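Trainee: If you scroll down you'll find the structure; I have some questions about it.
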């Protein structure tokens with residue numbers, strides 16, 4: 001053994017070839033600060049070996065390196081800019097030393113080589129991979145850019161266009177594409193990876209392969225003519241401006257950095273990468289996006305822990321076909337859990353099967369599946385008008401009309417046709433689960449399972465624990481949701497549960513703004529362009545359905561009369577009474593016409609102004625800041641109340657439910673992250689300016705207490721140790 005660290009070791013393999021093996025404690029390798037330092041120490045040893053002929057990098061895990069240790073990011077990002085810059089210089093000196101070894105180097109990559117893992121293997125001369133490879137640089141999705149030389153080496157290896165596509169989008173790619181664009185040199189079966197790697201190294205050692213020529217372009221300026229450079233970077237900047245927009249600065253900065261560094265050799269190019277990375281790491285966007293990643297890991301880890309002793313359902317059923325039922329059936333079947341889809345109406349069953357078939361055909365068109373796979377999946381969805389086969393069902397989700405009487409009757413009838421251990425769930429969006437459970441003989445086997453539309457796209461499923469829901473029931477439904485590829489978040493029961501309970505105060509803030517003379521078009525524009533929602537409130541109401549919102553508004557008002565009961569006729573009432581139901585019938589706040597692809601496209605409709613004039617004061621202008629405050633304060637207050645009342649268990653779960661269920665702008669990180677970034681004291685000052693607008697604007701007592709001491713909701717993060725300590729960690 002030449003060197004042994006906590007996460008890697010160095011040893012002779014054979015005849016002058018050394019192997020550097022990543023083998024961290026636990027299930028995966030991460031390129032954390034300690035591993036970077038350890039890699040430097042291994043190179044200290046390696047550089048002294050006079051009989052060294054070649055170096056092989058490999059992993060003892062199922063994946064090569066999954067990336068940097070993102071749990072370190074928030075504390076690293078608090079290190080002063082100069083110190084963070086110094087540490088990056090140190091880290092890059094390690095990768096440069098790896099790249100500058102006077103012998104050929106090869107990475108034998110199995111599974112993932114992402115982020116720092118990808119940057120590490122770019123520093124070697126050759127990359128041999130297994131077919132399950134995923135390689136890429138996802139840093140821009142975290143609000144930063146590559147910092148270990150990825151923005152320097154990748155463009156010089158692949159050319160600007162291919163590298164920009166991966167780096168700006170934060171993409172990872174598979175083995176076939178990586179080989180095609182020249183990111184890897186060969187693909188071999190896992191059992192042949194080591195022998196294949198040694199064979200390539202031997203060819204490089206004996207001169208059959210020119211490893212020095214392979215290395216040289218990475219040390220030089222990017223080979224691009226002025227015209228090529230102008231075209232590549234102009235197109236890339238245009239694409240990034242269109243897709244990322246102003247709220248996500250990292251992709252544009254990455255493109256501009258690669259452009260600026262193109263005319264320099266490695267050292268100066270790395271300095272430019274460093275100068276761009278460090279300010280990005282100190283942005284609120286980076287903290288928010290890293291926070292989302294960590295929250296996602298926390299939520300998924302919680303679901304995994306909850307289901308560790310539970311068998312995943314093998315047979316499911318959906319009650320109620322149509323778009324929602326068809327969407328749930330498709331998702332279950334697509335992920336490998338056969339499903340019976342029951343309805344009392346033949347037409348609905350046809351609609352449900354058509355929805356599932358449509359989604360599968362889209363996968364076929366995109367080349368993700370073949371006809372055989374399509375037929376296999378669709379054959380596991382069984383439409384039926386009766387309860388045949390329900391004795392084999394492990395879990396049933398009800399997705400019938402949003403009416404408590406109908407839901408209770410359907411659930412009670414189903415309970416009589418399933419096994420005593422079968423779990424029942426309701427896809428209700430607002431009706432309290434404990435109320436629906438009153439119709440059942442086995443309420444302990446019942447809970448809520450709230451999917452979001454469209455089911456195949458929306459990652460969140462709210463799992464609602466009723467008063468009598470058992471732990472086993474919750475665990476089974478969480479297991480099914482996880483198997484479906486969804487992110488399940490368990491919440492306690494109340495009208496609207498978590499997501500709709502916090503959404504309707506936001507809509508109420510919108511209604512009050514319109515009542516006071518705001519133009520809904522400006523409100524939509526401000527909430528989309530300035531705050532960053534994917535849709536403004538008027539557009540969102542049209543998509544949800546004005547009739548659906550009108551009904552849900554009444555349910556929420558009955559559940560929370562003190563805050564959500566209104567004493568005036570609002571814009572939603574006016575549109576509902578005029579049968580303007582939104583996208584579903586082409587008229588809402590906006591008018592909708594189908595585009596060439598058959599998708600609804602919104603247009604202005606002057607007719608809506610006269611309807612809204614009946615429920616509004618004369619038009620007046622509101623500043624962007626006032627619109628954002630009046631829209632967001634009711635929502636944030638309600639989110640805080642849900643945490644205080646135990647409806648949601650943690651700020652992390654609340655923020656993920658908002659991002660995954662409502663499209664809360666990820667660069668804000670969720671309501672609690674936004675609140676922490678703003679500061680609770682500053683938020684209280686802002687909210688108090690609007691408390692005259694009513695109970696929705698009254699700040700909860702717990703938040704007032706936080707504001708007195710300006711305390712955050714997330715645990716405070718300590719800055720990483722000084723850079724000198726980081727080097728030798």
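Using N, Cα and C of the backbone, Cβ positions are placed for all residues, glycine too.
Here Swiss-Prot flags 1-189 as region 'Enoyl-CoA hydratase/isomerase', drawing on sequence analysis. Annotation source Swiss-Prot lists site 'Important for catalytic activity' at 119, 139, citing sequence analysis. Summarising the annotation, Swiss-Prot assigns substrate binding site to 296, 500, 660 and lists sequence analysis as the type of evidence. According to Swiss-Prot, the NAD(+) binding site annotation covers 324, 343, 400, 401, 402, 407, 429, 453, on the basis of sequence analysis.
Distances, neighbours, how buried they are, the whole picture for these features please.
Mentor: Of all Cβ atoms in the protein chains displayed, 28 besides its own lie within 10 Å of the Cβ of residue 119 (site 'Important for catalytic activity').
Less than 8 angstroms from the CB of residue 139 (site 'Important for catalytic activity') sit 115, 145, 146, 147, 150, 167, 170, 250, 254, each of them six or more residues away in the same chain. In the three-state DSSP scheme, residue 139 (site 'Important for catalytic activity') falls into the helix class.
Non-local neighbourhood of residue 500 (substrate binding site): 429, 430, 552, 556, each in the same chain, at least six residues away, with C-beta under 8 Å from its C-beta.
Same-chain residues at least 6 positions away in sequence with a Cβ under 8 Å from that of residue 400 (NAD(+) binding site) are, in sequence order, 319, 320, 406, 407, 410.
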Trainee: Could you state the CA-to-CA distance between residue 402 (NAD(+) binding site) and residue 660 (substrate binding site) to the nearest Å?
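Mentor: One finds 22 Å between the Cα atoms of these residues.
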Trainee: As a test of the contact definition, list every same-chain residue at least 6 positions from residue 296 (substrate binding site) whose Cβ is closer than 8 Å to its Cβ.
Mentor: 487, 656
Trainee: Measure from the Cα of residue 119 (site 'Important for catalytic activity') to the Cα of every one of the binding-site residues 324, 401, 453, then give the nearest.
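Mentor: Comparing Cα positions, the candidate nearest residue 119 (site 'Important for catalytic activity') turns out to be 453.
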Trainee: Looking at NAD(+) and its recorded binding residues 324, 343, 400, 401, 402, 407, 429, 453, figure out the farthest C-alpha pair and report it in angstrom, whole number.
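Mentor: Greatest Cα-Cα span of the listed binding residues: 20 Å.
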Trainee: Using a 10 angstroms cut-off on Cβ to Cβ distances, just flag whichever of 324, 401 is the loneliest among these binding-site residues.
Mentor: 401
Trainee: Going by DSSP, is residue 429 (NAD(+) binding site) sitting in a helix, a strand, or coil?
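Mentor: Assignment for residue 429 (NAD(+) binding site) reads coil.
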Trainee: Specify the nearest of the binding-site residues 324, 343, 453 to residue 660 (substrate binding site), where nearness means the distance between Cα atoms.
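Mentor: Nearest by Cα distance to residue 660 (substrate binding site): 453.
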